[in-house]
Every structure is written in structure tokens, then in C-alpha cells.
Amino acid sequence: MAGSTTIEAVKRKIQVLQQQADDAEERAERLQREVEGERRAREQAEAEVASLNRRIQLVEEELDRAQERLATALQKLEEAEKAADESERGMKVIENRALKDEEKMELQEIQLKEAKHIAEEADRKYEEVARKLVIIEGDLERTEERAELAESRCREMDEQIRLMDQNLKCLSAAEEKYSQKEDKYEEEIKILTDKLKEAETRAEFAERSVAKLEKTIDDLEDKLKCTKEEHLCTQRMLDQTLLDLNEM
């Protein structure tokens, strides 16, 4: 009975030990699985760390390149800002120049209008002088005809005719000058403005020439009248002499 109890006790103990062994083996397997899981987790973590390190390195390299690009961009930005400042200053200078040019153009337009007005006035004076010259030329031609008729009758008029021819040459030269001035009036407004005073001076000279020519014509007509009277007196004396000779 006691032996049976001992066997039972031994069996129970063996069962307990077997259970403990199974439990231990199960725990060992579980621990092995945990160890294996931890190993895989560690390997995965190490791989992730290595990947992170590579990513960090790539990020650092990318950061370096980004910093270089940033430095380049900042430098370009600074240059662009300087260029923009210079452009702005240039624009201000151009705007100031444009404003001055506009003011200058307005002034030139005013001067151009004044020059046109003065030129029109000068043209009017010139046309008036030219008409007077035409009239005087006609009078001079008629005077020349009368002078030539008087020359055929009286040789004393040769000197006066020579003077009249000289005056006629002067008149032709003056007419040529007026023709040249008329061509100059058709030049550009700027040249007209620059030479306006000269044109007015020439117009005044032409008026003085006209006055001189009119006086010359008057003098020639007076001299022609005197010559006719002298010729008439001479003719009367000649007729009287012939009459006296016939009576003798």
C-alpha cells in the first residue's frame, strides 16, 4: 500500500516534472520566438537605421546643394536688386530726359510757330519788294528806251546812259540775289530761323535799293527832260542859224 502510494507520488511528480518540462519547453520556444522576433526587429531596426542614415546623408547632401543654390540665388537676388535699383535710377533719368525733351519740344513748337509767322511776314515783305522791283524794272526799261532815243539825238547823254546801264546791271544782280533768297526761304524751318535776321537785313537792303533805284529813275527822267530841253534849244538855235544863213 505504501509502495503504491509512492509510485503514485512518483507519477504525479513525473507528471508535474513533465508538465514543468513542457511548460519550460513552451516558454523556451516562446522565448526563442521572442528572441527571433527581437532579432528580426533589431535587424529591421538596423536596416531602418542604415536607411535613415542614407536618407540623412542624402538629405544633408541635398541640403548642401540647396544651401549652395540658396547662396547662388541670394547672390543673384542681390545682383538683381542692384540691377533693379540701377534700372530704376536709369528709368528716372530717362523720365527726366523725356520730360525735358517734351518741354524742349513744346518750346521748339512755339519757336517753330514764331519762325513760321516771321517767315510768312518776311515772304510777304519779299513779295512786296519783288512787285516793286517788277514795276521799277518796267519803268527802268521805259526810261532806258527814252534814254536810247535821247542818245541818238544827243551824244552828251552817253555818260548818263552808261550810268543807267550800270544801274540796270545792279538791278539784275539784286534780282538774282532776291531769287536766291526766295530759294532759301523754301529750306528747312531751322535754317530759316537761323538765317531769319539775315533775310530781314537783306529785305531792308532791298527796300533801300528800291528807294535808290526810284531816285535814280527820277534823276534820269529829270536829266532826260533837261536833255530834251537842251536839244530843243539847240534845234531852235540851229533852225535860227539856218534861217539867218538863208537870209544872207
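Just so you know, glycine gets a Cβ as well, placed from its N, Cα and C.
If you look up Swiss-Prot, you'll see A2 marked as N-acetylalanine. According to Swiss-Prot, the coiled coil annotation covers 4-240. Among the features that Swiss-Prot reports, region 'Disordered' is placed at 21-42. The compositional bias 'Basic and acidic residues' annotation in Swiss-Prot covers 27-42. Feature annotation from Swiss-Prot assigns phosphoserine to S51, S179. The phosphothreonine annotation in Swiss-Prot covers T72, T216.
Positions of the features from Swiss-Prot, shown on the structure.
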{"residue": "S51", "record": "phosphoserine", "DSSP class": "helix"}
{"residue": "T72", "record": "phosphothreonine", "DSSP class": "helix"}
{"residue": "T216", "record": "phosphothreonine", "DSSP class": "helix"}
Got a sec? Which of these modified residues, T72, T216, has the most Cβ atoms within 10 Å? T216
If you measure between the CA atoms of T216 (phosphothreonine) and S51 (phosphoserine) and round to the nearest Å, you get 122
Roughly where does the coiled coil (4-240) sit in mean pLDDT, to the nearest integer? 70
Whole-number Å value for how far T72 (phosphothreonine) lies from S51 (phosphoserine) (Cα to Cα): 31
On the DSSP side of things, how many residues of the region 'Disordered' (21-42) fall into helix, strand and coil, could you say? 22 helix, 0 strand, 0 coil
S51 (phosphoserine) CB neighbourhood, other CB atoms within 10 A: 10
